[in-house]
Amino acid sequence: MNQTMLRATIAQCKAELLRTIRNRRFVIFSVIMPVLFFFLFSSAVGGEKVEGVDFTSYYLMSMTCYGIIGASFTTFSQRLSRERSQGWIRLLKITPLPSWAYIVSKIGAQAVINLFIVVMMFLIGGIGKHIDLPVSTWLSCGAWIWVGGMSFMALGTLFGSMRNADAVQVIGMIVYMGMSVLGGLWMPISTMSSTMQDIAKALPTYRLGQGAWNMLGGGALDWTGVGILAAYVIVFMVLSSYIMKKQEAV
């Protein structure tokens, strides 16, 4: 990669960051709501135990996952759909910026945003709710949520293949909220029926949360969750690639 391409990629990455930060939906659903829900439910149910761990710590991981998914899925899909509908991606094809630089800038910007959400939520939990965890637990849970949350960009890409940005916004929000509730991010799945628990365990939202909850309780990395998230990524990327190729052929 020559210096010109590197500077162009970095500039594109900065532009992606600015556009995301200025997006009110991102601020509301990925920053404000997770913080509000965390304080609301941890204050109401604080002191209880969930799967052997303190509820406040448990719910901090849940809301951090919730914020990450909102940024990686809904915000990303809406931005991608709008760019496609406005012809932005077609325009990039006639510029010197290679397609890989566009993809790298998207991934790089999302990685920075997700890292910000993890650090912000952990600082709020540690300072605001006096959550005291071993440094190794903070790091392992944070790393898992940060890296695992990036997998939801694949779902965002699938929804972003739709050119109707308004439809993406509505449908994406319904799917986001539905998967968050059913996946146990709003409430532990132990409060659900056995049938709903079986459904929850098949969802990527649950698997992201389960990885953090497991390490919070002193467990090892959940390789079953890793495999399920990886399978979802493959399916979503194959579907989105197929849809985009069909659209380009028309």
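A Cβ is built for glycine as well, from the same backbone N, Cα and C atoms used for every other residue.
Marked as domain 'ABC-2 type transporter transmembrane' by TrEMBL: 56-241. The transmembrane segment feature in TrEMBL is assigned to 26-45, 57-76, 97-125, 137-158, 170-189, 223-244.
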**Item:** Any contact, the transmembrane segment (97-125) to the transmembrane segment (26-45), with at least 3 Cβ pairs under 8 A
**Value:** yes
**Asked** Should the transmembrane segment (57-76) and the transmembrane segment (223-244) be scored as in contact, given a threshold of at least 3 Cβ pairs under 8 Å and pairs 6 or more apart?
**Response** no
**Complete:** Other same-chain positions with a Cβ less than 8 Å from the transmembrane segment (137-158) and lying at least 6 residues past its termini are 61, 64-65, 68-69, 71-77, 80, 106-107, 110-111, 114-115, 118-119, 122, 126, 204, 207-208, 211-212, 215-216, 221, 225-226, 229-230, 232-233, 236-237, 239-240, 243
